[in-house]
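First up is the structure itself, then whatever we jot down about it.
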């Protein structure tokens with residue numbers, strides 16, 4: 001028996017209109033993403049590297065004046081024929097439009113690393129820059145990179161980038177791209193970012209459309225290069241930003257695969273906060289007669305403009321102490337660093353319930369949510385950012401008044417970079433407040449050294465921690481993988 005409106009096939013009853021092409025039940029064709037054929041590696045083109053014309057005022061500097069400038073700024077240079085430092089934007093040879101833009105952004109003069117780094121980079125030499133976080137190093141390589149790219153032959157169809165900047169994290173990649181985009185239009189150049197954790201299709205499309213400047217994480221760049229979407233033979237200006245961090249994260253094999261694929265006569269710039277043996281080895285392998293500038297020293301050092309407060313306490317006291325600290329900074333931008341994603345989410349709930357505008361940022365967040373969180377933080381809609389190590393380096397937000405280490409990081413190097421999110425560039429002093437527990441004792445001695453070197457107060461409890469055994473301060477559970485509320489978990493975890 002056939003029922004009205006139904007078909008009688010062996011598959012059972014179903015609406016007879018199911019096959020109607022206009023029916024909402026009809027299968028919908030899926031739109032396939034546009035596919036791009038691999039780009040061939042084209043023959044290299046001639047290029048130039050030296051764009052520096054020393055200003056007359058710089059040429060007149062006496063050796064004693066040069067030495068005095070470097071000594072005043074705690075600067076050491078190494079290598080032969082290192083250019084003299086500049087002290088005004090105009091002396092770098094940038095266009096009036098670039099200089100005006102720098103002034104409009106609130107910069108009155110180059111920072112120490114820019115004053116020495118710009119002449120070195122613009123002269124076409126391979127160079128290494130060692131500088132503390134917040135010193136203005138991003139502009140130290142971005143503006144010379146744009147000058148370099150602008151004065152090369154135009155990109156041909158299928159060419160890869162002229163400038164390649166490698167960075168350890170997608171957050172740092174996006175931050176560098178933001179700085180690049182502020183100046184790209186003045187040079188009539190295009191840039192794109194290549195990083196993991198997001199769809200590769202828009203990145204592939206941007207590479208095929210052509211971009212003179214590419215900022216990338218090593219892993220995603222290798223993937224796209226191997227697929228034929230990111231040829232590197234046109235790269236004549238290579239930057240390794242936070243080289244020490246990239247090696248710490250295990251990117252050395254990727255770096256050693258990427259670098260030989262660029263132009264053999266390229267200019268290479270390496271930037272790092274420290275100068276360990278591994279970074280030196282990488283420089284010796286791929287740089288020719290490089291010159292070096294060190295601002296401060298090659299050892300781990302904190303920014304002298306940051307007032308550092310270290311408070312020894314137990315894990316269970318942290319939450320109440322955090323509220324007490326935040327009460328004194330209402331309305332100010334504050335970054336709270338934690339070691340675990342779960343701690344970030346817990347604190348986000350606690351602080352918002354208490355009336356604070358807080359948002360969490362960690363590795364489980366999608367890129368869209370991360371962008372929204374950072375936009376809300378920058379605008380002040382949510383003035384408290386709670387983050388894991390994912391935001392510890394490269395995050396450049398204006399007017400961060402306070403950095404709180406709710407959890408002490410796994411190393412003092414990460415501590416330096418965390419607190420460096422405040423007092424950046426030529427801005428005034430910032431403050432860091434760190435909660436330190438017995439579980440962090442392994443870092444106590446190095447932390448004391450850095451505090452004393454920066455003329456900061458060393459709490460007596462911290463000194464005692466170095467002298468006595470762990471048993472005097474806490475139970476075994478406090479010293480192992482438990483979070484601040486005593487729950488078992490992996491510690492420290494950097495999301």
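Placement of Cβ uses the backbone N, Cα and C atoms for every residue, glycine included.
What Swiss-Prot records for 131, 132, 133, 134, 135, 136, 137, 138 is ATP binding site, and it gives sequence analysis as the kind of evidence. Cβ-based neighbour count (10 Å, all protein chains) for residue 138 (ATP binding site) stands at 24.
Taken from Swiss-Prot, the feature compositional bias 'Basic and acidic residues' applies to 1-35.
Sequence annotations record features per position, and here Swiss-Prot assigns domain 'Helicase ATP-binding' to 118-293.
Per Swiss-Prot, the feature domain 'Helicase C-terminal' maps to 305-466; the stated evidence is sequence analysis.
According to Swiss-Prot, the feature motif 'Q motif' maps to 87-115. Beyond the motif 'Q motif' (87-115), the same-chain residues lying 6 or more positions past its ends with a Cβ under 8 Å from any Cβ of the stretch are 51-53, 55, 57-58, 69, 73-75, 122, 129, 131, 135-137, 139-140, 143, 147, 182-183, 186, 293, 295, 425-426.
Nonlocal intrachain contacts for the motif 'DEAD box' (241-244), taken as residues 6+ away from its ends with a CB within less than 8 angstroms of a stretch CB, comprise 137-138, 141, 165-168, 172, 176, 270-276, 278-279, 282, 393-394, 413. Per Swiss-Prot, motif 'DEAD box' is recorded for 241-244.
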Worksheet item: So how many other Cβ atoms are close to residue 133 (ATP binding site), meaning within 10 Å of its Cβ?
Response: 22
